[in-house]
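A.B. asks: Before I ask anything, here is the structure I am working with.
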Amino acid sequence: MRHVMSPLDFSTEELDQLLDLANDIEKDPEKYAHACEGKRLATLFYEPSTRTRLSFEAAMMALGGKVLGFSSADSSSASKGESVADTIRTVSCFAHIAAIRHPKEGAPLVASMASKIPVINAGDGGHQHPTQTLTDLLTIRSLKGRLNNLTIGLCGDLKFGRTVHSLIEALVRYENVKFILISPEELRVPSYIRDDVLRANHKDFQEVIRLEDALPQLDLLYMTRVQRERFFNEEDYVRMKDFYILDKAKMDLAPDHMLVLHPLPRVNEISVEVDSDPRAAYFKQVQYGMYVRMALILTLLEVKVC
Ligand code: CP
């Protein structure tokens, strides 16, 4: 039995296989429509979500399986003090696989240690969001045709943005990927990302404050929102929240081939006028999220479709 806590739980060869499977599902969804008949996915969400929870549920339904779960801690026995370990022991009696989102870093890992079914980390605090990274990798590979030879700008809340941490960890394994980290001083990437991930892998990276300076150099711009829920006080959030706003004027500084990704939800950091730009790929990214979660469920349940 295999759990997924981080994108590094897969080798690059395994990631290629997973992304190939997701692309095959995209091409011929009918072929997979009954692959998980009789199987149940539990979505245990202790934190709010639209895309991750619904795309997991849509993925299992598109595979012919069923879903059960809860969408907030308040509506589960966590509100009575039940631990995640006891919750997953219970859910192991009802489901074949579980996706867990939790505000505390490491909670899905704790659950996996008590689980009798595969557990997928669907986002743990400010730490990791591996299935968003699978989504991002599939989007980049599908739309750019490669995961190497890219200059990627990551912009916004690089301190608390778990999608950024997971994506950097995944991309350092590919050749000639350069990173431009665009953030205000207070929201720079954590030092473990800078030292243990980027420097330790001898990656070319720069940290800049002005988005305008980075834009002309980029193959990809990965925008993120400021993570209000992880700030200690509202005043700091209000000061930071509109630090970056990508609008038409800024898009004019970017190359024609640059794609804009965003894990969503968006607040103000991408102006809606950018949505009609052919380089805006963040809603396509959402669609890829369902295909890659279908591929992940099939892989963890060891279901083969010929
Ligand atoms: N990208 C993402 O995790 O979105 P949700 O919070 O809506 O799941």
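The backbone N, Cα and C atoms fix where each Cβ goes, and this holds for glycine too.
Heads up, TrEMBL stuff is auto-annotated, nobody curated it.
Just lifted these from TrEMBL, have a look:
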- 2-141: domain 'Aspartate/ornithine carbamoyltransferase carbamoyl-P binding' (DOMAIN)
- R51, T52, R101, H129, Q132, L264, P265: carbamoyl phosphate binding site (BINDING)
- K80, R162, R225: L-aspartate binding site (BINDING)
- 149-299: domain 'Aspartate/ornithine carbamoyltransferase Asp/Orn-binding' (DOMAIN)
A.B. asks: Could you state the whole-number distance in Å separating the C-alpha atoms of R101 (carbamoyl phosphate binding site) and K80 (L-aspartate binding site)?
C.D. replies: 18
A.B. asks: Quick test of your reading of the structure: among the binding-site residues K80, R101, R162, R225, whose CB sits under 6 A from ligand 1?
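C.D. replies: Once distances to ligand 1 are taken from each Cβ, none falls under 6 Å.
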A.B. asks: Which ones, of the binding-site residues T52, L264, P265, have a Cα no more than 10 Å from the Cα of R225 (L-aspartate binding site)?
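C.D. replies: Final answer, ordered: L264, P265.
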A.B. asks: Provide, as an integer number of angstrom, the distance between the C-alpha atoms of H129 (carbamoyl phosphate binding site) and R162 (L-aspartate binding site).
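C.D. replies: It is 6 Å, counting Cα to Cα.
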A.B. asks: How many of the residues that make up the domain 'Aspartate/ornithine carbamoyltransferase carbamoyl-P binding' (2-141) does DSSP mark as helix, as strand and as coil?
C.D. replies: 70 helix, 25 strand, 45 coil
A.B. asks: Mind looking up the mean pLDDT for the domain 'Aspartate/ornithine carbamoyltransferase carbamoyl-P binding' (2-141) in the predicted model?
C.D. replies: 97
A.B. asks: At its widest, how many Å does the recorded carbamoyl phosphate site span between Cα atoms of R51, T52, R101, H129, Q132, L264, P265?
C.D. replies: 16
